[in-house]
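K.L.:
To start, I am sharing the structure in question, which I have written as structure tokens.
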Amino acid sequence: MKSQLRKKTLEALSALSNEDILQKTERMYKYLFSLPEWQNAGTIAVTISRGLEIPTRPVIEQAWEEGKQVCIPKCHPDTKKMQFRTYQTDDQLETVYAGLLEPVIEKTKEVNPSQIDLMIVPGVCFDVNGFRVGFGGGYYDRYLSEYEGKTVSLLLECQLFAHVPRLPHDIPVHKLITEDRIISCFS
């Protein structure tokens, strides 16, 4: 079921023009930057987007412009764990498996979960309760089980479903932000 939802959602995203995506994400970013969770955050955790993911570069640049610390994930496939590390310049990045851009350990510092004020959690599709279908690695679900801060996800309306399959270890995000609205999932 998850793989079918992933496929359906990625097909819908592929059908959008670059202009559509740009217009929709600009509205989404305005919602994000207006949230108290964003405005009060000193440290933001976010991925470096690629492919059909919601572009995160504008989010990173806005955070830097506002003097916020940005941290990005470093995945450890051998342990299936993830950590967040500081990110200030592109020379701190390296291309790893599957073409992902991740922080270079020697050029960055680890950020403890308790230091992250707001985490922007990626996903392929979501339901209105904040549950998500990711890319299948389980890294975020494992990390979120130990993270107590605020979480939001950025998505287009075509990525939103009434229900997505969930497992007992799945953890919902607090808020979903689309091009049309902010959905508070739970408190």
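Cβ coordinates are placed from backbone N, Cα and C, and glycine is handled just like the others.
As annotated in Swiss-Prot:
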- K2, S3, Q4, L5, R6, G134, F135, G136, G137, G138, Y139, Y140, D141, D170: ATP binding site (BINDING)
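Please situate the listed features within the shown structure.
P.N.:
According to DSSP, K2 (ATP binding site) is assigned to a helical segment. Every protein chain considered, the tally of other Cβ atoms within 10 Å of the Cβ of K2 (ATP binding site) stands at 15.
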K.L.:
Just to be sure I understand the packing, how many Cβ atoms besides its own are within 10 Å of the Cβ of D141 (ATP binding site)?
P.N.:
15
K.L.:
For Y139 (ATP binding site), write down the residues of its own chain that are at least 6 apart in sequence and whose Cβ falls under 8 Å from its Cβ; none is a fine answer.
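P.N.:
Same-chain residues close to Y139 (ATP binding site) (Cβ under 8 Å, separated by 6 or more) are P73, C75, K80, K81, M82.
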